[in-house]
Amino acid sequence: MRVSQSLIPFAIIALVLSFVNAYDPSPLQDFCVAIDDLKGVFVNGRFCKDPERVDAKDFFFSGLNVPGNTNNQVGSNVTTVNVDQIPGLNTMGISLVRIDYAPHGQNPPHTHPRGSEILVLVEGTLYVGFVSSNQDNNRLFAKVLHPGDVFVFPIGMIHFQLNIGKIPAIAFAGLSSQNAGVITIANTVFGSNPPIYPELLARAFQLDANVVKELQAKFGSI
């Protein structure tokens with residue numbers, strides 16, 4: 001499905017805004033292109049490529065125009081562009097993703113432990129939101145987004161997106177880290193390795209222990 005050209009500026013603006021207050025430490029040199037050479041200089045968790053050997057391909061990625069495969073259990077696909085895809089992002093404190101959603105597909109509740117997120121919807125209709133911390137009484141902040149709408153997910157907050165439309169949806173998001181990380185709640189709690197004691201989860205979630213074991217089996221923990 002072709003993305004409307006009129007919405008591209010919205011996506012660009014949203015991503016630029018995410019650059020303004022990057023979460024990662026600021027660089028002290030022009031760039032530090034990540035490399036797996038153990039003889040390099042170690043900066044921000046990665047080794048730096050010799051600046052004399054850096055070229056344009058170290059700052060380039062191609063493929064965000066390609067829809068992700070949403071034929072899976074949650075009906076969504078995240079195409080990530082972080083320091084692993086563009087080594088020149090090392091120390092820059094930014095990254096981005098493309099998210100494709102099948103009709104009624106979702107990006108299930110998850111957190112990014114190292115970065116905030118700003119999302120712009122390009123196509124479709126999404127129900128999105130995040131839940132604040134215990135200190136803030138776990139308030140839900142949610143909106144229905146239409147093409148051109150933007151929503152922010154604060155760092156560390158559990159958040160989600162659900163395609164409530166009858167057609168596929170497409171969104172782009174900027175993150176304030178070169179590698180914001182992701183913790184999907186259900187996979188983490190019920191799919192940990194080794195598994196968390198079922199009795200603990202049963203009491204925490206007010207469930208029968210057998211139900212917990214079924215969930216752990218579903219998510220691959222046992």
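Cβ from N, Cα, C; glycine included.
These come from Swiss-Prot:
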type     : residues                       : note
SIGNAL   : 1-22                           : signal peptide
DISULFID : Cys32-Cys48                    : disulfide bond
DOMAIN   : 62-213                         : domain 'Cupin type-1'
CARBOHYD : Asn77                          : N-linked glycosylation site
BINDING  : His110, His112, Glu117, His159 : Mn(2+) binding site
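Known features from Swiss-Prot, placed on the structure.
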residue	record	Cβ within 10 Å
Cys32	disulfide bond	25
Cys48	disulfide bond	21
Asn77	N-linked glycosylation site	18
His110	Mn(2+) binding site	19
His112	Mn(2+) binding site	24
Glu117	Mn(2+) binding site	24
His159	Mn(2+) binding site	22
Average pLDDT across the domain 'Cupin type-1' (62-213), rounded to a whole number: 97
Structural state of His159 (Mn(2+) binding site), classified by DSSP into three states: strand
Spatial neighbour of Cys32 (disulfide bond) that is closest, considering only the binding-site residues His110, His112, His159 and their CA atoms: His112
Residues flanking the Mn(2+) site, with Cβ no more than 8 Å from the Cβ centroid of His110, His112, Glu117, His159 and excluding those residues themselves: Thr111, Phe130, Phe153, Met157, Ile158, Ala180, Val182
Rounded inter-Cα distance in Å - His110 (Mn(2+) binding site), the residue listed as 'N-linked glycosylation site': 14
